[in-house]
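Enquirer: Handing you this structure, nothing more for now.
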Amino acid sequence: LFQEASECLLFVIYIVTQASRICASYMKMGSNFRFLSLCLLALIASTHAQLQLGFYAKSCPNAEQIVLKFVHDHIHNAPSLAAALIRMHFHDCFVRGCDASVLLNSTTNQAEKNAPPNLTVRGFDFIDRIKSLVEAECPGVVSCADILTLSARDTIVATGGPFWKVPTGRRDGVISNLTEARDNIPAPSSNFTTLQTLFANQGLDLKDLVLLSGAHTIGIAHCSSLSNRLFNFTGKGDQDPSLDSEYAANLKAFKCTDLNKLNTTKIEMDPGSRKTFDLSYYSHVIKRRGLFESDAALLTNSVTKAQIIELLEGSVENFFAEFATSMEKMGRINVKTGTEGEIRKHCAFLNS
């Protein structure tokens, strides 16, 4: 290990030396301060760590297999965790990047997990159990951020969903803020403008918005997430006109029947197909039967509506491939690498 570290240091020194010589040469030729600044920025970029497939191949070669085995050993007992973990991964990446900040506890209840969008997020214990196994194998090596990202992928695959590549090397963040989670995570009531803005803030485009919304093809929600659409859309006891009236009547009659239990009554996001990763979510959306306002919002823009129609005209294999691309893209949002952040010993607590 010492020899590898020494070789790495020598390589960095070599890069720095060569870059410095090049910059110096251009300065002697009369280049200005602006060019020198560009040289320095390029130098910094050249030595900045990046995510890579098999990042732990030498430092913890069994890491990814430990995650995969735990998933395979336990997902059959709780298949709904696939939806829960992909949601947790999504919520994590939209606040300070994919740095496992959503996993942190707060003694003052001011962490991301205490924010309204995360109050129904679950699966924290699942991640903690995997982390303890990885720590026993390789103490202080594998980040909670990577474990969360790998777990989200592996649980989806284990339940019949698409596979996507997960380059690793993320480090864990040291800040978790309730306000940032509340402001950056799209809500079920978000309109199109809000969705477009929040996704663009993370470097995601309209295609990513449509594809990542496709994760609603599995899992459940609570009636409280759409109570306004059903019972009080404009504050006058009315119903959301963008929601198919027949579907709304069915929800009121058979699902969200008790107004006193809306926070605990569960409802399928993709009725009849909530355990299968497929295209049926988009079929519901195009029929104005998307559960959330954010689902219905996809029909209010010509670009996203056309993309939904295109997905429905294609194959499920094409959807899997497109979804995988957007998941890989999301998994790289503002990641911390190199010496940024830390490698937490326990995912819910900072090291110091």
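Glycine residues also receive a Cβ, built from the backbone N, Cα and C atoms like all the rest.
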Enquirer: Candidates are Cys23, Cys39, Cys60, Cys223. Which one does TrEMBL pair with Cys138 through a disulfide bond?
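Expert: Candidates were Cys23, Cys39, Cys60, Cys223; TrEMBL matches Cys138 with Cys60.
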Enquirer: Taking Cys256 as one end of a disulfide recorded in TrEMBL, give the other end from among Cys223, Cys347.
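Expert: Within the candidate set Cys223, Cys347, TrEMBL assigns the bond with Cys256 to Cys223.
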Enquirer: Taking Cα atoms as reference points, which of the recorded positions His91, Val95, Gly97, Cys138, Cys347 is nearest to Asp278 (Ca(2+) 2 binding site)?
Expert: His91
Enquirer: Determine which residues of this chain, when Asp92, Val95, Gly97, Asp99, Ser101, Glu112 are set aside, have a Cβ within 8 Å of the centroid of the Ca(2+) 1 site's Cβ atoms, and list them as they appear in the sequence.
Expert: His91, Cys93, Phe94, Arg96, Cys98, Ala100, Val102, Gly173, Ser176, Ala181
Enquirer: Of the recorded positions His91, Cys138, Cys223, Cys347, which one has its Cα closest to the Cα of Glu112 (Ca(2+) 1 binding site)?
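Expert: Comparing Cα positions, the closest of these recorded positions turns out to be His91.
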Enquirer: For a quick check of packing: other C-beta atoms within 10 Å of the C-beta of Cys256 (disulfide bond), how many?
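Expert: If we count other Cβ atoms within 10 Å of Cys256 (disulfide bond), we arrive at 22.
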